[in-house]
């Protein structure tokens with residue numbers, strides 16, 4: 001079989017795989033990925049893949065362990081079926097927050113996942129907005145680390161005027177937020193969280209001028225959404241005209257959607273690296289943008305051995 005692209009998908013996000021395939025002018029290749037009655041995962045690639053350039057679209061989001069196991073079994077099946085190269089397209093990299101030893105006698109889970117990928121035969125990884133960029137160093141294979149910035153920047157430019165300030169919800173996100181502020185030529189503010197005395201509630205202080213401006217909180221992911229929602233309240237208390245939020249990965253676990261619904265946020269913009277649950281889909285404040293065109297462009301460049309560096313913005 002000639003060296004052609006084949007797009008595959010597990011059960012994590014088939015809609016994203018369909019969108020990517022549509023941008024590439026093809027359909028997702030057929031694979032049977034299901035569970036046995038005892039919970040074991042079964043994978044069967046239904047068509048010949050010998051000599052093909054295979055891309056598996058599978059964010060390792062909730063249920064993270066099922067989706068991770070589906071991915072590694074699909075890779076093994078494709079490798080044994082003689083695919084020429086297998087690329088794991090993992091828009092959301094589960095376990096990314098466990099990227100270092102934060103306490104004695106704990107694993108570095110993000111490294112373990114990387115070792116699993118390489119052990120089963122992944123030859124390249126395509127991911128987006130890693131929680132910790134140094135995860136790229138856990139791999140001994142090429143990692144193309146894309147950013148959702150082009151998609152989010154386009155939305156911000158379209159929806160908001162010039163009276164905007166970009167806000168980092170914590171000190172750790174300053175570099176990301178500064179990059180957005182620079183591209184948009186806007187101001188930058190930071191929310192500093194600290195306890196002034198032991199046993200006191202955490203206080204939130206705004207560093208920067210937000211008074212009378214549209215404040216846009218930026219983060220790489222929203223899990224329980226507590227930081228974002230509390231940040232919105234603090235910004236309004238400091239004189240912001242209104243508050244919006246943007247993030248790449250809508251993890252949205254536990255009380256997240258309820259918090260967003262009841263928060264001071266006017267809107268909460270996310271991308272489709274992770275599929276939204278029904279509760280999130282029905283929340284009028286949450287808007288989802290697609291990164292499928294960006295991923296499709298990267299896949300095409302990788303297949304054609306073209307440079308992907310222009311996408312790293």
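Easy rule for this one: first residue shown is 1, then count along the chain.
Cβ atoms are placed via backbone N, Cα and C, with glycine included.
Copied over from Swiss-Prot:
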ACT_SITE  193  active site
BINDING   38, 39, 40, 97, 98  ATP binding site
BINDING   131  Mg(2+) 1 binding site
BINDING   170  Mg(2+) 2 binding site
BINDING   195, 219, 223, 224, 225, 226, 227  D-ribose 5-phosphate binding site
Candidate recorded positions 38, 39, 131, 193, pick with smallest Cα gap to residue 219 (D-ribose 5-phosphate binding site): 131
Candidates 38, 170: member of the binding-site residues with the richest Cβ shell (10 Å): 170
Nonlocal neighbours by CB distance (under 8 Å) for residue 97 (ATP binding site), same chain, sequence gap 6 or more: 110, 131, 132
Integer Å distance between the CA atoms belonging to residue 223 (D-ribose 5-phosphate binding site) and residue 39 (ATP binding site): 26
Residue, out of the recorded positions 131, 193, whose Cβ gathers the largest set of other Cβ atoms within 10 Å: 131
Entries of 40, 98, 223, 225, 226 which, being binding-site residues, have CA atoms within 10 angstroms of the residue listed as 'active site': none
DSSP-derived class (H/G/I helix, E/B strand, else coil) of residue 227 (D-ribose 5-phosphate binding site): helix
Least Cβ-crowded entry, counting other Cβ within 10 Å, from the binding-site residues listed as 98, 224, 227: 224
